Amino acid sequence: MNAVSVLLEKALAGERLSLEEGTVLLEEAELLELGRTADQIRQRLHPRGRVTYIIDRNINYTNVCTCQCRFCAFYRRPNDADAYILSKDALFHKIEETISAGGTELLIQGGLHPDLQLDFYIDMLQSIKKRFDIHIHSFSPPEIVHLARQSGLSISGVLSRLQEAGLDSLPGGGAEILVDRVRKKISPRKIGWRQWMEVMDRAHRLGMKTTATMMFGHVETTAERVLHMVRVREQQDATGGFTAFIPWSFQPRNTDLGGSTAGGVEYLRTLAVARIMLDNIPSIQASWVTQGAKIAQVTLSFGANDFGSTMLEENVVRAAGVNYRVALQEIHRCIKDAGFIPAQRRTDYTIIKEIH
Amino acid sequence: MHNHKGELENIAAKVAAGERLTREDGVKLYQSNDLLAIGKMADLVRKRKNGTNTFFIVNRHINHTNVCINRCKLCAFGRDANAPGAYTMSLDEIEAKARASANSGISEIHIVGGLNPELKLDYYVDMLQRVRRVLPGVVIQSFTAVEIDYLAQLHGMTHHAVLRALQEAGLDSLPGGGAEIFAPRVREIICSKKINGDKWLAVHRAAHELGMRTNATMLYGHVETIEERVDHLLRLRELQDRTGGFLTFIPLAFHPKNTALEPMGLAGTTGYDDLKTLAVARLLLDNFDHIKAFWVMVGPKMAQVSLSFGVDDLDGTVVEEKIAHDAGAETGQSMAKSELVRMIKNAGFCPVQRDTLYNVVEEGF
């Protein structure tokens, strides 16, 4: 047996792979062999043949952002003609639409707006919870750290204030690659990897679940991609609060960073290695928004067990030129056609209903 | 989920032994959701036939007219002669387009169009002579079997006679379009006026007899059954056994947008279906050297993944493709050679620029 087969056997035997071993797999394993191993691990973790998804809405309350990351096509400066802050009326209207579409979750994210204070966020959360019965899965770590700086509170302090006001869980955005060499190149003003992880650590300790994302296919090395996974895995050993890992590839259009993006093969390989490496994270999400429905469906043979969200609205990704829109029907079709049972879930991955 | 596991193992054993698969095997493969097992079998055959070589061609497409009397429901390209957007290129225009591509390093020109009653055999002969003159070293792969049969009808000639006249004027090879699904039940729904499967095969047989190599296609993902797909593949395999004239098989995923079939609520193919169809084709068509994924139709991401599912050809850098784009293909019009090469290498395969007959034009990228 060659080195790669030994590693795949080891993973199948339930043994944990090291950074070096994961890197060997990402660089050398054959696509179908990698898929087969990830698929077997997925079957073990999710034996009921379900593929889940959530009906939610991504609401971007502002596009003003002081971070101005080079991979981002969404941000505007405060005085730009198309800079905006969403009004409460518009926000409530979007939430009503979400609930009438069967939605159970709001993914509220925005830029790091220099003028919006903690009170704005607390008021937003309270006013939503007063009117609607919906899970609020909102504000990625860069926004939390921004609020801590503005308010002078600790990260824990900000998170508890938001939690009291109605925040239920945190999305895993802003992780990009959790290696500071990479972050300095693509997002020099964004928080470092330790701070990103600190936010997740504090959130988990306050009883909030979070996800973790990874944006790859730009300036990072394969080893840095695997290091990202290992860092998430170590945090998960400590706090156990990550529900899912969501890899997606950098979308170069309309960004300062530009260049090309990872192809379909690179995406499937990375997703499969994530399933193999992240032995303590229950779910791996496909990203149909960045990959299209076809590749997203194919991930169901490469380790993914969740189709992510219906994304009734996704301004951040849309600004970068992704024109895929998969209706709920299409998600059901993709899941069934691959031989699985579609199941609508809540944010915590409990099942609302199976679709037969 | 994997109901057919034991059956797949039997098929895998046959594939490993190099045995020919049956109709039942083909149906079972299609019915299985074990995408990776099917991929692995197809990959074995692909590696046996082509190693890790992945071919592409630098070519140019010209669609000389969209006027078509057939008006197939599957098609978003054809127009009535007096409809808005109807066009027919003059021979001067075609010659100018051909001349414009003379220095772009193309090795093949691909001309297909509608069945336009105004265009007689002399238009085609003249077109070929002009293109041959301005592109002396370039292979002319043009006119589907449907167009050849139409010319034969217009002039009361045999397929042989039409093909010979075109061959003398410069035609080298026929593309594989118009095959759709051979089953009459399906053709009645999606392309009721188009020539039937027997005639399509007869045109290709005649071309093979004249020494021309041709391609074969299958348009899938509309109203056909799995069995009808398998039968389509087997009829191609049968003709290939007799003539050996087919170069490449190209499954084409149906794009419903803007076609008369769109109101039927057809959703287009899924990723599983695309990969299974390519892989099953690789497995059933044991006498075809090449399986092509047309990246314009399936998208570059899926095309790249398909290299592990039996595909060894990604078509090429296509300039000005109208037919798939009119049906809502969301891909670009062309892909730079460097981009294709990068895509192939990133998937761990070896890019080879080929000519129409799969002679190496350039390798070692």
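Glycine is no exception: its Cβ is also placed from the backbone N, Cα and C atoms.
Just so you know, TrEMBL annotations are computer predictions that nobody has curated.
Residues or ranges marked as domain 'Radical SAM core' in TrEMBL: A:51-282. Across the domain 'Radical SAM core' (A:51-282), mean pLDDT in this model comes to 94.
Residues or ranges marked as [4Fe-4S] cluster binding site in TrEMBL: A:Cys65, A:Cys69, A:Cys72. Sequence-distant neighbours of A:Cys69 ([4Fe-4S] cluster binding site) (same chain, 6+ residues apart, CB-CB distance under 8 A): A:Tyr75, A:Glu176, A:Ile186, A:Ser187, A:Arg189, A:Lys190. DSSP gives A:Cys69 ([4Fe-4S] cluster binding site) a coil state; it is part of no helix or strand.
The S-adenosyl-L-methionine binding site annotation in TrEMBL covers A:Phe71, A:Glu176. Every protein chain considered, the tally of other Cβ atoms within 10 Å of the Cβ of A:Glu176 (S-adenosyl-L-methionine binding site) stands at 24.
Taken residue by residue with DSSP, A:Ser287 ((3R)-3-methyl-D-ornithine binding site) is part of neither helix nor strand, so it is coil. Marked as (3R)-3-methyl-D-ornithine binding site by TrEMBL: A:Ser140, A:Ser287, A:Ser309.
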For the [4Fe-4S] cluster site built from A:Cys65, A:Cys69, A:Cys72, further residues of that chain with CB within 8 A of the site's CB center: A:Cys67, A:Gln68, A:Arg70, A:Phe71, A:Phe74, A:Tyr75, A:Gly111, A:Ser187, A:Lys190
Under 8 Å by Cβ from A:Phe71 (S-adenosyl-L-methionine binding site), counting only residues of that chain that are 6 or more apart: A:Glu176, A:Ile186, A:Ser187, A:Met215, A:His218, A:Phe250, A:Pro252, A:Thr255, A:Asp256, A:Leu257
Residue pair A:Ser309 ((3R)-3-methyl-D-ornithine binding site), A:Cys72 ([4Fe-4S] cluster binding site) - Cα distance, angstrom, rounded: 21
List of residues, in chain order, with Cβ under 8 A from that of A:Ser140 ((3R)-3-methyl-D-ornithine binding site) and at least 6 apart: A:Gln109, A:Leu170, A:Pro171, A:Gly172, A:Gly173, A:Gly174
Neighbouring C-beta atoms (10 Å sphere around the C-beta of A:Cys65 ([4Fe-4S] cluster binding site)): 24
Maximum Cα-Cα separation (Å), residues A:Ser140, A:Ser287, A:Ser309 listed as binding (3R)-3-methyl-D-ornithine: 18
